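Asks: This structure is in structure tokens; I'll ask about it shortly.
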């Protein structure tokens with residue numbers, strides 16, 4: 001009769017030690033997913049804002065960027081100085097490997113258009129939007145400079161889109177596909193016509 | 001007799017030398033003042049005076065542009081605000097042509113740093129200059145064919161001279177409403193700035209603004225501008 005409780009107590013003790021040890025070991029380990037790699041901790045990042053003003057100081061283009069798990073949401077808002085006009089003119093969700101940005105010379109001299117830059121694994125892309133948020137021409141909401149250029153000129157590749165050389169003239173610098181510095185081009189908005197320049201606009 | 005003859009010869013030689021020097025002097029003067037290439041116009045003096053043309057249409061790169069409307073009766077809001085700013089020390093402006101950047105200092109404090117557009121079709125001169133005149137707005141024109149430009153209401157013009165560049169040649173810092181490609185050469189010799197930056201600089205630089213046309217004087221001297229580097 002005396003031996004039985006002792007054995008029970010001993011078994012309970014051993015089981016308790018094993019349980020405590022297991023619990024402690026699980027708590028100390030990082031949580032793993034199916035892949036066996038540590039799962040990233042989900043930290044909610046506040047939306048980031050970047051604003052660029054028009055050269056005459058009348059308008060501001062603001063980019064709001066919100067990073068999610070695997071994507072980034074971008075919203076572009078246009079506002080005037082008096083804050084009377086405030087409108088979202090463009091929104092896009094990209095994978096976290098890609099990014100959108102506002103170039104410094106984004107506004108056309110007449111404040112009618114802006115251009116944006118998209119950086120991705122396949123290179124940079126540039127496109128033009130209307131400041132009013134309306135279509136540029138017909139049903140065209142954005143003019144994809146890079147796509148249109150690549151379709152027309154296989155001998156050159158765009159290295160930079162620097163700004164506006166005139167009211168509706170986007171400045172494009174290129175390299176030759178075969179190597180070496182290429183010419184500069186105007187991209188005429190809204191007609192979508194490219195004009196090869198005799199002078200390079202460095 | 002022989003001595004008299006040699007004195008006559010010498011005086012004729014002196015006269016001839018004096019005459020040649022006069023011709024050479026006139027030629028150099030004509031080249032440096034009258035015949036010198038202007039920063040903008042065929043007639044250098046055109047852009048040196050106040051000229052407002054509201055309603056006129058501008059032309060640049062073969063495109064028509066509506067210039068900003070200028071109301072001389074209105075006070076610039078920023079002028080009042082800037083007047084309240086307390087900065088001390090000597091004012092200096094540095095224009096780096098290589099990076100196409102303008103930096104304005106008062107003492108050791110940076111008042112303004114911004115991208116500019118220097119000369120593309122005609123080089124911006126380098127050296128040490130002084131602002132000799134400020135004009136609220138003027139007209140600039142020149143070029144030929146596809147390069148023709150006609151730009152009324154060019155805002156916030158700050159003319160500079162020095163380093164062998166005569167005041168009458170019309171080189172200046174000014175606002176540019178016809179392009180937005182700052183950071184890259186785009187001008188005919190002047191230093192183009194965003195309108196907001198030109199306005200800020202205009203009311204900061206000396207000679208301190210006194211009406212719509214301000215000339216530097218001994219009591220109200222102009223700010224120094226140092227232009228250096230090589231445009232890309």
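Cβ coordinates are placed from backbone N, Cα and C, and glycine is handled just like the others.
In case it helps, TrEMBL gives these features for our protein:
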TRANSMEM  B:12-29  transmembrane segment
DOMAIN    B:91-228  domain 'L,D-TPase catalytic'
ACT_SITE  B:174  active site, proton donor/acceptor
ACT_SITE  B:190  active site, nucleophile
Asks: Restricting to the domain 'L,D-TPase catalytic' (B:91-228), what is the model's mean pLDDT?
Replies: 95
Asks: Would you kindly give the Cα-Cα distance separating the residue listed as 'active site, proton donor/acceptor' and residue B:190 (active site, nucleophile), rounded to the nearest Å?
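Replies: Cα to Cα, residue B:190 (active site, nucleophile) and the residue listed as 'active site, proton donor/acceptor' are separated by 8 Å.
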Asks: With DSSP helix as H/G/I and strand as E/B, how many residues of the domain 'L,D-TPase catalytic' (B:91-228) fall in helix, strand and coil?
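Replies: Split into helix, strand and coil, the domain 'L,D-TPase catalytic' (B:91-228) gives 14 helix, 69 strand, 55 coil.
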Asks: Might you list, by sequence position, any residue in that chain lying six or more from the residue listed as 'active site, proton donor/acceptor' with a Cβ less than 8 Å away from its Cβ?
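Replies: Long-range Cβ contacts: B:154, B:155, B:156, B:157, B:158, B:190, B:191, B:192, B:193, B:198.
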Asks: Including all protein chains displayed, how many Cβ atoms other than that of the residue listed as 'active site, nucleophile' lie within 10 Å of its Cβ?
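Replies: Its Cβ has 27 other Cβ atoms within 10 Å.
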